[in-house]
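The following features are taken from TrEMBL:
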type	residues	note
DOMAIN	B:9-516	domain 'Cytochrome oxidase subunit I profile'
TRANSMEM	B:25-48	transmembrane segment
TRANSMEM	B:68-96	transmembrane segment
TRANSMEM	B:108-130	transmembrane segment
TRANSMEM	B:150-177	transmembrane segment
TRANSMEM	B:189-221	transmembrane segment
TRANSMEM	B:241-265	transmembrane segment
TRANSMEM	B:277-298	transmembrane segment
TRANSMEM	B:304-323	transmembrane segment
TRANSMEM	B:343-368	transmembrane segment
TRANSMEM	B:380-401	transmembrane segment
TRANSMEM	B:413-434	transmembrane segment
TRANSMEM	B:454-479	transmembrane segment
Amino acid sequence: MNEHFLRLWPVQGSDYAVSVDWLVIGFTGMMALFVVPVFVALWMFIWRYRRGREANRDHRAQSNLPIELAWIILPFIGSLVIFLFSARLFFFARTPPADALEIQVTARQWMWKFQHQGGQREINTLHVPARRPVKLTMISEDVIHSLFFPSLRIKQDVLPQRYSMLWFQAEHSGTYQVYCAEYCGTDHAAMLARLVVLDPGDYQHWLQDNGSAADLISQGETLYRQYGCGSCHDSGNAPPLAGVFNRTVRLADGGQVVADDAYLRDSIVLPQKHLVTGYLPIMPTYSNLLDEEAVQRLVAYLRSLPATASGDPK
Amino acid sequence: MSAPSYLHQQGLLSWFLTLDHKRIAVLYMVTVTFFFFAGGLAATLIRIELVTPQGDLLTADGYNRAFTLHGVIMVWFFLIPSIPSVFGNFLVPIMIGARDMAFPRLNLFSWYLLLGGGLFTLLALLLGGVDTGWTFYTPLSTMFSNGHVVAVICGVFIAGFSSIFTGINIIVTVHTLRAPGMTWMRLPLFIWAIYATSIILVLATPVLAITLLLVAAEHLFNVGVFDPRLGGDPLLFQHLFWFYSHPAVYIMILPAMGVVSELITAAGHKRIFGYRFVAWSSVAIAVIGFLVWGHHMFVAGQSMYASLVFSLLSFLVSIPSAIKAYNWSATLYKSDLTLHAPFLFALTFIGLFIIGGVTGLFLALLAADLHAHDTYFVVAHFHYIMVGAAVAGYFGALHFWWPKITGRLYSQLWGKITAVLVFCGFNLTFFPQFLLGYLGMPRRYHAYDPDFQFLNVLSSAGASILALAYVLPFFYLLGSLRWGERAPMNPWEAAGLEWRVPSPPPLHNFEEPVTVDFEAYDYSPEARRDPV
Ligand code: HEM
Ligand SMILES: [Cu+2]
Ligand SMILES: [Cu+2]
């Protein structure tokens, strides 16, 4: 037996977690207000009106419109107020700040892989700085998983072939348990990870100690050269990629899309999905050559390319 | 008394070829009892495994197969057919003053479908099992699962037609076979609930059937529907699945609500408070229930605005349920209450249903669901409703109409003991799971953090009480067939046509065609209780 033997409330790892807890407590209070009277009334009536007990049973009502309306409308209004609070929190939880630190997550049966901007890679452990927003861009290589941080009160499903996003700001340094919450096959229960929150100084040290020779962008650049992307993209046979990130792209089918992470990824893995207008569909798919982590590095590289006058990347 | 009872004829064939709705109801009763115990066996394995944090009794694969078997059997072969097929069949014609269902042959055929589908599924589950969970999420089920997915899907598909046919049968019966004078506003509330349920059965089940066929097609022929690598959309499956499965949860609970309306009025000897509100709330649930499926997908990757709308609609769908709970309580005011066993089951239902419904609202609360989704909190929520409340409703019905069905009285004392044990055992089993879920224990884990052990042990301890409570009626009810006193026509002094025919009823229910000139729940002193 240890001090964890009977823990009844999860640790609060972020301000957001504290707000969620208050929401839940407040809602519990309000529900008690609507439910306890029902239980009390039930017991009272059972006691008072059990057969054989003298009681006034005259003028039995069959229905009463004002009462019916009252117990429909009052609880509803009460719940609506709480709904609005919760919607605000939800909105906050779904809108990452622009300056968030970006980390790439790849899930597969049954492990979590993380890539930092500096090129650091880890498996089943995630180091992040305290008191700084962190944004995770996540994708799965097989089935649906879900990254769940109980101490932060958030989770998000991780889908195959589609980026999903999660952000948080952890307040206190420490180590926290992370789970896979979406059932994903045999070893679902073993698909665990640790979240290590470091004070900003310690985090810098950690980055340095674990730094690789090249950061994510230059790793991506290497891949760009290795896989001959330039043979088309720097030759005029294909759209120039400088400044492609966040560009509005006109498509062959007449539509338009903004070139975000998901678009860049799809262009590499599923080139047929969006065809840029004015070009032939000659781009090969790289889905068999590159795994999701390599694609993330390429995307990081493409995002880093500034728009140049000539349109050619270096 | 002249006409022989429906149980008079002897011999197996007289059962397997029967077209009598009452006999078919009994066939269903035997069948769903069998599946209830089969599913219960898997639950026992699960709860024993979870006593310790390590995976020791079962392997990971074994555990995954156990909870899949449990879910599939309980949902499709016990809960969905339980009240509609057993009590719907037995009571709908009698309560509306008809001789039988509209389509007696289709009725028997529906039973064979359920039995066939069930045995097929059970066989597949036993031969190798499936490890997808009852939710069959893609692409796990289509491309990565190594079990007998297609076989199980076929079983569920077949049983789905049993649901559809039963639904059609009930709808047509209620529309066309009501006795003269039996207007809609004179129908017992059980009929309203079963009618609303049937509408859901008929509208939602085909969606499930199509979805399952698509899963099978993708699994067998690599047709890209759900798997994104084949050009499909993995969320499409979840949308289709929950478009069926959220309404399906109301298939499981609406009939039990109908039962409780009967039990409360019969125990209180008083007309229900707010008949119209209770009646129309069943219909409201059936309709709004189709619009909230997205609350299962708040973290699945659906758009933020979709989530907001689904959250709001989920608050709306709880209103008609709340209406019922308030009206049941108000019915007891100035009642003349006999505390017999069926009434205790009704109380158990109300208690568990309220807790289950309120925690559903926590899950509909977006920010709370980001945390609670796919944890034990969800497990506790839906067990409170689908198991706690729905089974209490089923047991309540069983104890209430048993004298009518069999013509025998059972021990009231044992009935009351069981009701109390169900309530206590249930809360001990599932209340700790709310705490576990909020602490962060994900569902479908066979090995877990030692931090969670204490609450898991509590839960398993409660489960053993609950198991005892669920098995007890099997003994004293069956015992009553041999040793029980003969039941009078109306043992509860209740209103309703079924209490004005003999126990057990004659083959064609009524010797003369009935005409209805009284309201439902007529407990006024002048009310007639003589045989019709
Ligand atoms: C008061 C109305 C109800 C509301 C607002 C409600 C809300 C919810 C929500 C939001 C979820 C999704 C939770 C999650 O996955 O994170 C959920 C799950 C569930 N609910 Fe309810 N619910 C209600 C009534 C019911 C009823 C009446 C039943 C069954 C008879 C039921 C059975 C279920 C089931 C089976 C699940 C989970 C299914 C699964 O993931 O395997 N709920 N409920
Ligand atoms: Cu998982
Ligand atoms: Cu639902």
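Glycine is treated like the rest: Cβ placed from N, Cα and C.
All annotation found in TrEMBL is predicted automatically rather than curated by experts.
Between the transmembrane segment (B:68-96) and the transmembrane segment (B:304-323), fewer than three CB pairs separated by 6 or more residues in sequence fall under 8 Å, so the two stretches do not touch. Counting same-chain residues at least six beyond the ends of the transmembrane segment (B:150-177), those with a Cβ under 8 angstroms from any Cβ of the stretch are 72, 76-77, 80-81, 84-85, 88-89, 92-93, 96, 98-99, 101-103, 106-107, 109-111, 113-114, 116-118, 120-125, 130, 136, 187, 191, 194-195, 197-202, 205-206, 208-209, 212-213, 215-216, 219-220, 251. Taking Cβ pairs closer than 8 Å, the transmembrane segment (B:343-368) reaches residues 253, 256-257, 259-260, 263-264, 266-267, 295, 298, 307-308, 311, 314-315, 318, 321-322, 325, 328-329, 337, 377-378, 380-385, 388-389, 392-393, 395-396, 399, 415-416, 419-420, 422-423, 426-427, 434 in its own chain, all 6 or more past its ends. In summary, the transmembrane segment (B:277-298) does not lie against the transmembrane segment (B:380-401): fewer than three C-beta pairs, each 6 or more positions apart in sequence, are under 8 Å. Long-range Cβ contacts of the transmembrane segment (B:108-130) within its own chain (Cβ-Cβ under 8 Å, at least 6 residues beyond either end) map to 17-19, 24, 27-28, 31, 35, 38, 65, 68-69, 72-73, 76-77, 81, 85, 145, 147-149, 151-152, 154-162, 165-166, 169. Within the chain carrying the transmembrane segment (B:454-479), a Cβ under 8 angstroms from the stretch's Cβ atoms is held by residues 33, 36, 40, 43-44, 47-48, 50-51, 53, 391, 395, 398-399, 402, 410-411, 414-415, 417-418, 421-422, 424-430, 432-433, 435-436, 439, 448, all 6 or more beyond its ends.
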